[in-house]
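Right, one structure below, let's go through it.
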Amino acid sequence: MAERTFVAIKPDGVQRGLVGEILGRFERKGFKLVGLKQITPSRALAEEHYGVHKERPFFAGLVGFITSGPVVAMVWEGDGVIASARKLIGATKPLESEPGTIRGDLAVNIGRNVIHGSDAPETAEFEIGLWFQPSELNDWSPSDQAWRVED
């Protein structure tokens, strides 16, 4: 199985109508969407997702923000998808993100940076398991697979 990563369009990205733009960037890169849903996260889900930041001063604000509205949760699959997604997304701080990245082009500030992406294989596995049931992920092969990826 190819590598998988978790990506979430945060409430600011959903409210600003950026879902199609962001999905398109991942599709044009050649990654395969295997899981997709819109959900307003519960406080418990948000606290577990951001648990590594629990002792940080911004934790409460982060949890409050991510639970403030709908999030588009996605699982993308492809060779090197974790590292590639991080490059597509850009730096956490939008002012440090390169033009052409999602945050460089679309994000306003660190508190409203539009998108989240897993940063490592272990994180991706944890986040996918947290946000998706196995039955919500679809194994499928695009008809143009041979034109995108070398065997």
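Note that Cβ sites are derived from N, Cα and C of the backbone, with glycine treated the same way.
Database features (Swiss-Prot):
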type	residues	note
ACT_SITE	His116	active site, pros-phosphohistidine intermediate
BINDING	Lys10, Phe58, Arg86, Thr92, Arg103, Asn113	ATP binding site
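Structure coloured by features recorded in Swiss-Prot.
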residue : record           : DSSP class
Lys10   : ATP binding site : coil
Phe58   : ATP binding site : coil
Arg86   : ATP binding site : helix
Thr92   : ATP binding site : coil
Arg103  : ATP binding site : helix
Asn113  : ATP binding site : coil
When you measure from the Cβ of Lys10 (ATP binding site), which residues in the chain that are at least 6 apart have a Cβ under 8 Å away?
Phe65, Ile66, Val71, Arg112, Asn113, Val114, Ile115, His116
Just going by other Cβ atoms within 10 Å, which of the binding-site residues Thr92, Asn113 has the emptiest spot?
Thr92
Residues Lys10, Phe58, Arg86, Thr92, Arg103, Asn113 binding ATP per the record - widest CA separation, whole Å:
22
Counting other Cβ atoms within 10 Å, pick out the least crowded of the recorded positions Arg86, Arg103, His116.
Arg86
For a quick check of packing: other C-beta atoms within 10 Å of the C-beta of Phe58 (ATP binding site), how many?
12
